[in-house]
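J.: What TrEMBL lists as active site, proton donor is Tyr54. Residues annotated as substrate binding site in TrEMBL: His112. Sequence annotations record features per position, and here TrEMBL assigns domain 'NADP-dependent oxidoreductase' to 21-267. Here TrEMBL flags Lys79 as site 'Lowers pKa of active site Tyr'.
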Amino acid sequence: MNAAPQIPTLPLNDGRAIPQLGFGTWQVEQPDAARVVGEALKAGYRHVDTAQMYGNERGVGEAMRRSGLDREAIYLTSKLSNDNHQPDDARRSFEQSLQDLQTDYVDLFLIHWPLPTRYGGDFVSTWRVLEEFHREGRARSIGVSNFRPQDLDKLAAHCEVTPAVNQIEAHPYFTNDEVRAASRKRGMLIEAWSPLARGGELIEDPAVTGIAAAVDRTPAQVVLRWHVQRGDVIFPKSSHAERMRENLRLFDFELSDEQMATLTALDQGEPGRVGPNPDTFEG
């Protein structure tokens, strides 16, 4: 087991802290999850992001067990499936998640999508169940994912606990500034999913490759460093050990203000989005 690299932590609004870099498990299939997450832990990751919808919580739990690491050494996030928003379903599925993950708590538990076109648009009842988990200590922090400004306003009007994070799509092609600002106003950290815009076009963009050549880093490292300097929590994903290690090497260089501005200027607004739109996504 490699010694964990020095990954900074960021303060949450509930008094806890979260590692700024984690390992993402979206599209990691259940049969591969124990091996892939195990490789990530060997490489030095100590923050793992999974979800009920990913279908790989059992593999994540097995990787943690096999690693020999103390449970407290790993920051673990999972998310509530879109089919489990009804309060009783949320409670039942959370119990199953803990069982599959082989733990009695998660560090962070999120509502995965607001689903404005399902459940009569009611995610407040769902959030109140997450508040139960938080009071019980079984979800040490709670948050949301893909919530829009109006969704955050609704939670603020009806709930006791402010979400600690909002995990949203964000990258240089889609900076998602309106949601980012609304979240920050409430003291919430931004977690950026698809931080590389699913690769391809973004990491081949001449602006990105030019900066990469100037700082002697890979294009992926440059984009991930842009996130780091913006204060995002990020979850790059790879099934290859060398790429996992590469994605950890983000904290020994900096981008200049000019380079940061160049990357931010790549924003395309809505056309730059690569994932579903929360306005209409039903899961």
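Placement of Cβ uses the backbone N, Cα and C atoms for every residue, glycine included.
Here the structure is a predicted model, which means the values were calculated and not measured.
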J.: Suppose we draw a 10 Å sphere around the Cβ of the residue listed as 'substrate binding site'. How many other Cβ atoms does it contain, all chains included?
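T.: A 10 Å sphere around the Cβ of the residue listed as 'substrate binding site' contains 21 other Cβ atoms.
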J.: Determine, from DSSP, whether the residue listed as 'substrate binding site' sits in helix, strand or coil.
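T.: Once the DSSP labels are grouped into three classes, the residue listed as 'substrate binding site' ends up as coil.
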J.: Sort out the sequence-distant neighbours of the residue listed as 'active site, proton donor' for me: same chain, 6+ apart, CB within less than 8 Å of its CB, listed by position.
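T.: When sequence neighbours closer than 6 are ignored, the residue listed as 'active site, proton donor' has Thr25, Trp26, Gln27, Val28 within Cβ distance under 8 Å.
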J.: On average, what pLDDT score does this prediction assign to the domain 'NADP-dependent oxidoreductase' (21-267)?
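T.: Summarising the domain 'NADP-dependent oxidoreductase' (21-267) by its mean pLDDT gives 96.
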